[in-house]
Amino acid sequence: NSNGASCHFPFLYNNRNYTDCTSEGRRDSMKWCGTTLNLYADQKFGFCPMAAHEEICTTNEGVMYRVGVQVDKQHDQGHMMRCTCVGNGRGEWNCVAYSQLRDQCIVDGITYDVNHTFTKRHEEGHMMNCTCYGQGRGWWKCDAIDQCQDSETRQFYQIGDSWEKHVQGVRYQCYSIGRGIGEWHCQPLQ
């Protein structure tokens, strides 16, 4: 690439002198030119301006589309996008994630519609109730679920869970009650 340098005419390509832009050697018909006299020696080329009706965009699979055409493409991270061929002299695509078009949220690779609720484990281990708000940006919010955390082990327990605990050699059965304040109680086992 020539970093925006102007065309140099004539330029030599395939043992032939070109005095105008060509699409020779390109499957996508994009017109190009050499930006030095000898393309082989210098490996410098650039794309030529095209009329809007000539311009195309090419997918990774080699499929060609005219300016204005919309296609659905999969992003490298797996989510789907709606892409429009805008061209701009470079075969440029403008893509928008489905989550923005459909006002959805993508969380941990799972797509949720607006107002859908779901649970998610926080990186510290506690569970959260989450809601997809979308708002054109895939926005979502989570609040901690009423649960308990053992003050010694830092382990989280959901309401109704029970676990055994040893304190100074005595075995206890503990119960998660919650009540909005993380309440839990333990009783000695006989």
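These residue numbers are counts, starting from 1, taken along the chain as shown.
Cβ atoms here come from the backbone N, Cα and C positions, even for glycine.
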Disulphide bridge to Cys85 as given by Swiss-Prot, partner from Cys48, Cys57, Cys130, Cys132:
Cys57
Per Swiss-Prot, which of Cys142, Cys148 is disulfide-bonded to Cys130?
Cys142
Please name the cysteine among Cys83, Cys132, Cys148 that Swiss-Prot pairs with Cys105 through a disulfide bond.
Cys132
Cβ-based isolation winner (fewest other Cβ atoms within 10 Å) among the disulfide-bonded residues Cys57, Cys105, Cys186:
Cys186
Other than its close neighbours in sequence, what residues sit by the domain 'Fibronectin type-I 2' (103-145), given a CB gap under 8 Å and a spacing of at least six beyond its ends?
78-79, 97, 154-156, 158
Residues satisfying Cβ distance under 8 Å from Cys48 (disulfide bond), sequence separation of at least 6:
Cys7, Cys21, Lys31, Trp32, Cys33
Would you mind reading off the Cα separation of Cys142 (disulfide bond) from Asn129 (N-linked glycosylation site), to the nearest angstrom?
5
Across all protein chains in the structure, which of the glycosylation sites Asn17, Asn115, Asn129 has the highest Cβ count within 10 Å?
Asn129
